[in-house]
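J.: As annotated in TrEMBL:
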| type | residues | note |
| --- | --- | --- |
| BINDING | His107, Arg108, Lys123, Lys130, Lys131, Glu132 | substrate binding site |
Amino acid sequence: MSAEENNLIEILEVGHKVDVVKYIDYVSAPQAGAIATFSGTTRDMFEGKTVLELWYEAYVPMATRCLSSICTTARSTWDIHKIAVAHRLGPVPVGETSVFIAVSSVHRADGLDACKFLIDELKATVPIWKKEVYTNGEIWKENSEFMEKRLELAERRDSLVKKPVTEEHKRGCCGSKVRVEEDEA
């Protein structure tokens with residue numbers, strides 16, 4: 001069985017709940033001495049505000065490819081038997097699971113380390129967006145892991161040989177379609 005065949009990756013459509021037992025059963029195997037799991041659930045408070053629900057949206061084809069790539073990286077780092085990753089879309093009320101990861105491995109250390117890596121990378125790199133809905137409003141949230149990853153990548157980029165910036169590069173990706181006003185200091 002190929003490594004890809006030992007991964008179950010599902011981005012669940014609106015209205016479908018995470019079936020934790022399904023994913024644990026999927027990764028279970030006689031040769032696995034450990035099954036490590038992570039279950040991300042909606043909490044009732046955030047920074048003193050009452051949370052009603054979370055709302056998730058995703059670019060599903062890219063999210064699936066990103067998750068597959070993260071699973072491949074985990075497999076190249078740890079001795080893993082099977083991986084299951086599920087993420088809900090749409091509303092996720094307080095107390096319900098929005099993301100679930102299960103990893104089976106011969107030894108617990110590999111499973112636990114891989115499980116932590118998978119959730120950290122999912123939150124930092126996979127195109128899934130979260131809106132927090134409170135009793136007094138709502139806000140789209142950027143994951144702190146995403147921001148940390150951006151800073152890490154920027155630092156890595158800045159450590160490379162720097163090339164001079166030309167006028168063409170200053171305009172950005174949209175060229176002359178976007179007007180950029182520069183401060184005159």
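Just so it is clear, glycine is given a Cβ too, placed from its N, Cα and C backbone atoms.
Just so you know, TrEMBL annotations are computer predictions that nobody has curated.
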J.: Any same-chain residues 6+ apart from Glu132 (substrate binding site) with CB under 8 Å of its CB? Would you list them in sequence order, or say none?
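T.: Once residues fewer than 6 apart are set aside, Glu132 (substrate binding site) is near Phe46, Val51, Leu54, Glu138, Ile139, Lys141.
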J.: Among His107, Arg108, Lys123, Lys130, Lys131, Glu132, which the record lists as binding substrate, how far apart in Å are the two most distant Cα atoms?
T.: 37
J.: Going by a 10 angstroms cut-off between Cβ atoms, which of the binding-site residues Arg108, Lys130 has the sparsest surroundings?
T.: Arg108
